[in-house]
Amino acid sequence: MAQEKLVVILIGPPGAGKGTQLELLQNKLGLEVIGSGELLRERKKKKDFTGRKIGQCIDAGNRVPTPVIFKLWVDRMEKLKKLGNLKGFIIDGSPRTIFEAEMIDLSLGWYEWSNNTKVVYIKISKEESISRLTNRRICKNCGHNIPYIGNYKELTQCDKCGGELYRRPDDTKKGIRARWKWFRTDVMPALNYYRRANKLLEVNGEQSIENVSRDIFKVIKQK
Ligand SMILES: [Zn+2]
């Protein structure tokens, strides 16, 4: 029997450092990524009805409905299924609701990727989240996220491309509180869905990047 593909579903509240941890996991384990945000940004480049509408949705700060994103995931999964040397993949940006969690389960079942799924929840408090996000910076040029942790605090320009850094206009206390409210009402039920199934792996996100990464590898049992 072929080796089971590793599927990591990465969930965290705003400011948990998900992007940074995703990159580490991806590079160390050679995984692919199914990222809802990235898929939507790519899709909106096509200037048809849906492409334009996705653009409007993102610009207005609204969430694109599940069926539209779901189409993009499944297309991506179809492509991954054809990769001969696929080791596994990380799901990022979803599930945002219990409904999406169920849709992901069913899709993974269909593609026969259900047997090695790790749902990792990077946990941080709201206070820590507010402190990190009101201080984090973003590269104007490449969009890279500079977290307010460790050595990153000292950076004066983007560590990837040398671009200028700025703060996101909605990284205010008010904006962050709104994102948390949504996290509690929509994403938390999805977390509880995995918790009830005994599938939720919790990691303390209020540590250094290295230690969070170490703990993630520990819970997904990868050396
Ligand atoms: Zn940059």
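Quick reminder: no glycine exception, Cβ is built from N, Cα and C everywhere.
Under 8 Å, Cβ to Cβ, and six or more positions away along its own chain, G15 (ATP binding site) finds I124, E128, S129, I130, R132, L133, R136, P147, I176. If you look up TrEMBL, you'll see G15, A16, G17, K18, G19, T20, R136, Q207 marked as ATP binding site.
Cβ atoms under 8 Å from those of the region 'NMP' (35-64) belong to residues 22, 72-73, 76, 90-94, 96, 170 of the same chain, restricted to positions at least 6 beyond its ends. The feature region 'NMP' is assigned by TrEMBL to 35-64.
Sequence-distant neighbours of R179 (AMP binding site) (same chain, 6+ apart, CB under 8 A from its CB) are P13, P14. Residues or ranges marked as AMP binding site by TrEMBL: S36, R41, R168, R179.
For C139, C142, C158, C161, the entry in TrEMBL reads Zn(2+) binding site. Cβ neighbours within 10 Å of C161 (Zn(2+) binding site), excluding its own Cβ and spanning all shown chains: 13.
Checking the binding-site residues K18, G19, C139, R168 against ligand 1, the ones with a C-beta less than 6 Å from an atom of that molecule are C139. Cα to Cα, A16 (ATP binding site) and C161 (Zn(2+) binding site) are separated by 23 Å. Shown are the binding-site residues T20, S36, Q207; of these, the residue with the fewest other Cβ atoms within 10 Å is Q207.
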